[in-house]
Every structure is written in structure tokens, then in C-alpha cells.
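If you check Swiss-Prot, you get these features:
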BINDING   Gly27, Lys28, Gly29, Asn30, Gly31, Ile32, Lys33, Thr34  GTP binding site
COMPBIAS  153-170  compositional bias 'Basic and acidic residues'
COMPBIAS  178-193  compositional bias 'Pro residues'
COMPBIAS  196-209  compositional bias 'Acidic residues'
CROSSLNK  Lys413  SUMO2 cross-link
CROSSLNK  Lys418  SUMO2 cross-link
DOMAIN    233-392  domain 'W2'
MOD_RES   Thr227  phosphothreonine
SITE      Arg15  site 'Arginine finger'
Amino acid sequence: MSVNVNRSVSDQFYRYKMPRLIAKVEGKGNGIKTVIVNMVDVAKALNRPPTYPTKYFGCELGAQTQFDVKNDRYIVNGSHEANKLQDMLDGFIKKFVLCPECENPETDLHVNPKKQTIGNSCKACGYRGMLDTHHKLCTFILKNPPENSDSGTGKKEKEKKNRKGKDKENGSVSSSETPPPPPPPNEISPPPHTMEEEEDDDWGEDTTEEAQRRRMDEISDHAKVLTLSDDLERTIEERVNILFDFVKKKKEEGVIDSSDKEIVAEAERLDVKAMGPLVLTEVLFNEKIREQIKKYRRHFLRFCHNNKKAQRYLLHGLECVVAMHQAQLISKIPHILKEMYDADLLEEEVIISWSEKASKKYVSKELAKEIRVKAEPFIKWLKEAEEESSGGEEDDEDENIEVVYSKTASVPKVETVKSDNKDDDIDIDAI
């Protein structure tokens, strides 16, 4: 049974069809796997190598894939239903098959491993553009380009030279052959048309404003992809410095207050999201850190929420700020930690773990120890609050116990015992 390649189109006479995926589960236990029986036929209908959609399934499912090209067996580890894979295939088709302009599946991929770019051209509407290379499958495509793909300008130049050589051979006339007769006087021969002119025509033939704008957009997209690839090849230190310059520029331009989403997006692009708080503390904090925690809470929360690694970097960033403004901040450590804790930027577990070991990676060993000594009152308060909460839970459990009274039982004499134990609540402002 066939289905529409673009399943969002419900027209039964839609010309682009593909066979429905057939999945077969094999094996047991840890060796269970799903074999896509007709992957070759499906890939042929999409004009893509069968390894691409199979690898796409692996990326989306977080599963390993196996390719047995000789026997046409394409395998995804684990047990997966055919309907689930069919729905997942729609995502692959949308990202890597359909034209963004006309939504027809008549596209070819043009992979350039040297420049780390993947181009996309449509034979239906003439669209030409660059694919977004953020998806994990793009790494696989760059390493395994399709057979019909251009692998860079070197290949084109080589083909161009070969064509020129063949043209010269075909155009040369040997002495043994008789030259062709000249055309009649009243017949005009067409002007010579070389291969070089044909190759140059497709760039300059359309001079309308819209065509020029489209070409410029393609160039800018191409440049963005190249920049992204170059940045990800840099070291972690270099990428963190790029993020630092980005945040610093936003502050200098006076738009830092509304740039929290852009900063997180840039950190994710550079793959240094966990280290974002370390950069933010350096740019945004000074001796007025307590007021600044409230002001930039949203910025830090985008990094630190449910991210313990980012919270640890925030604490290391705090150490760096204290090192720069030691005279003003060293005595305020407990208050600063309390502000961060109340703002939901730090969790108890992370703070306690940080306090147990001094590190000399960001500040001197002596200063790191002194900071933790100054933080002890707050750490003690945290631990006692945690013990009280756990004790309260035990009391709640005791209250839920059902007591059965007996009329025949003797009632013991109850003596009232005065408790000298008083709850000593710690006032954090008095620390």
C-alpha cells in the first residue's frame, strides 16, 4: 500500500507516492532489533540513500543503527512499531526531502565536506539554498555524501577541464578527413556557444530585484553555516570567549535586560550552555551583586533551572566576583548565597557539595577556603532546615497511625514532662 510522500497533502491523486514502511522486530532481550524490510524502496521513492532515513531514526530514538547494504537490511536497535517509524519518517521528509518553497519532493542534496555545508536544489521550482546543519544526521551526511552530490569546487573544475579536453578532441579535424562543406550563402550559421558561457549563464541570467535578493539570502545562509561549523571546531575556551564577547556587546549596547533568550540561544549554539553562568557573573556582577541577582534573575534562571552543572559554575563565578571585590564582599558571602538560594538559582545539594571541597581552579586555594569558612553559617542553616523537614515528615507518619483502644486495658498514669528544648530559629540577617 502506498502513501503520499508529503502526508500533510490529503489529495488521493497526489503524484508523489511512496510505499508504507514495513517493520519487523527480531531477537529477544538486549539483542532485540527492528528490521525495516522495504527501506530500499522507500528511500528510492524519496531519492535519498536508504542509510539516511535509517540513521535519522537512530538519532531521534537514541538507538544504534546497522546497515547491511549487500543484503538490503537496515536495522534500528530496540523494538519499534511501524506506525511510530512512519510518523518519524515524516520529520525526515520535511527536513531533508521537501523543497522549502514549493513543498515538492524533487530536491537534490549537494554536500561539500570540505566547507561542511549541505546545499539543497529543487528541480520543480528552481529553488537553491542551504540546509540547517544543526541536526545530528547532518554530520552523517557530510561524512557519507550521496553519489550524485557535488563534493566541492575541485570536482567541478576537474569535470570542466575534462569537458574542455573532449571539446578540443571532438573539434579537431585530422588531415585524412575531409572538412565539412560550408553552409549555403543564404543560410546563417548560429554563433559558437562554449561550455563556459553555459556555466556562467545560470548566475547572471535573472537580474530582477527579487532574484538578486534571493541570491544574497543564499550567500548569507551559506556564511552562517560556515561560521557555525568553524565555531564548533574551536576549543571550549575559545567558544566561552565568543559567548563572553556576545554578552559584553549586549551590555554595551544597553539591551542586556531583554537579551536573556538570545544569550541562551548563543550558548546552545556554541555548545557551552552549562558554562553560561560563569560568563554572566563576570559581565553582570560587581560589588552590588545582591541587587544584581534580583535584576538579572531571569538570565541566570534560564541556565540554572534543573541544571546542577550550571549551578556549580555559578558558584565558581561567585568566587571570581569575590576575588575582584574582596574587601566589599567577603563578609557578605552568607547573604549572597541566601539571595541566590531564594531566587531558585541554587539547590541545597549543590551548595553543600560545593562547600565541602575548596578548588584552586578559579581563585587561589586560600581565598577559596576563606569563602567557604565565611559561608559556614548559611551552610549550617541549610543542613538544619533539611533535618527539620525530614523530622517533620516522620511526625506526619506517626499521626497517620490508627490506635485501637480496649475497654479492659488499664490506663497508666501519665506524668507531664516539661521540655527544656526550644526551637532555635536562625535569623539569616543576623549572620
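Each residue, glycine too, has its Cβ placed from N, Cα and C.
Recorded features from Swiss-Prot, shown on the structure.
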{"residue": "Arg15", "record": "site 'Arginine finger'", "DSSP (3 states)": "coil"}
{"residue": "Gly27", "record": "GTP binding site", "DSSP (3 states)": "coil"}
{"residue": "Ile32", "record": "GTP binding site", "DSSP (3 states)": "coil"}
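Figure note: comparing Cβ neighbours within 10 Å for the binding-site residues Gly29, Gly31, the maximum is reached by Gly31. In the predicted structure, the domain 'W2' (233-392) carries a mean pLDDT of 91. Local packing around the Cβ, expressed as the count of other Cβ atoms within 10 angstroms, is greatest for Lys33 among the recorded positions Arg15, Lys28, Lys33. Separation of the C-alpha atoms of Lys33 (GTP binding site) and Arg15 (site 'Arginine finger'): 34 Å, rounded to the nearest whole number. Look at the binding-site residues Asn30, Thr34 and count other Cβ atoms within 10 Å of each Cβ; Asn30 has the fewest.
Summary of the GTP site environment: with the site residues Gly27, Lys28, Gly29, Asn30, Gly31, Ile32, Lys33, Thr34 set aside, the chain residues having Cβ atoms within 8 Å of the Cβ mean position are Glu26, Asn77, Gly78, Ser79.
Long-range C-beta contacts of Ile32 (GTP binding site), restricted to its own chain and to partners at least six residues apart, with a cutoff below 8 Å, comprise Val25, Glu26, Asn77, Gly78, Ser79.
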